[in-house]
């Protein structure tokens with residue numbers, strides 16, 4: 001475990017001393033992907049077994065010091081022989097954030113109850129889960145990592161983006177951002193720059209934390225394109241938030 005910034009170098013054994021390096025039948029079953037998935041899903045039904053305090057700690061440090069979050073993934077690999085989370089508390093809290101922020105978006109855009117419900121379903125199952133499944137599958141194949149860990153990296157990166165674009169931005173949409181003037185699209189596009197920048201950087205940290213991966217710096221290359229698009233958008237008066245609001249209204253009709 002971590003004490004004073006140092007990691008305990010002792011790794012728990014994953015093999016039986018009598019098996020000459022081979023996993024016993026119980027250990028082998030316990031370490032299969034199916035068994036891990038079953039354990040994770042089963043814990044969704046037992047809130048008392050979830051560590052919400054630790055999940056909140058992770059959410060805080062994803063903004064202030066995301067490297068500290070990935071240190072815990074290293075510790076989990078040493079103690080439980082898996083990189084991915086085995087506690088769904090983070091996913092539950094993220095789901096609550098999705099619900100609250102989407103309801104807030106519905107109120108700001110003056111949507112009805114049915115329209116807000118449609119928007120919520122779209123944001124959860126398309127924007128978060130659907131996009132996450134696609135990105136995680138592609139990253140898993142390209143980098144040869146646990147699929148569950150790739151999805152965790154997506155959720156880690158998605159959380160700051162969600163808070164910035166679906167919560168903080170709400171306070172400025174109607175009276176600042178969606179008004180036709182320079183400050184409006186400058187503020188809105190700057191929030192998009194920060195949000196997507198967080199997503200790219202936290203994604204990079206997630207794969208860079210894996211000691212067997214090389215050349216993960218390529219995950220930072222999209223920052224050049226992101227910066228270029230931001231400069232063009234401010235220069236030409238593009239307003240990404242206005243486009244998002246229009247798209248949200250269009251897809252719930």
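Each residue, glycine too, has its Cβ placed from N, Cα and C.
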Which one of these stretches, 1-28, 29-56, shows up in TrEMBL as region 'Disordered'? 1-28
For the transmembrane segment (184-207), sequence-distant contacts whose Cβ falls under 8 Å of one of its Cβ atoms, 6 or more beyond its ends: 62-63, 66-67, 70, 139, 143, 145, 149, 152-154, 156-158, 160-161, 164-165, 168-169, 172, 176-178, 213, 216-217, 219-220, 222-223, 226-227, 230, 233-234, 237-242
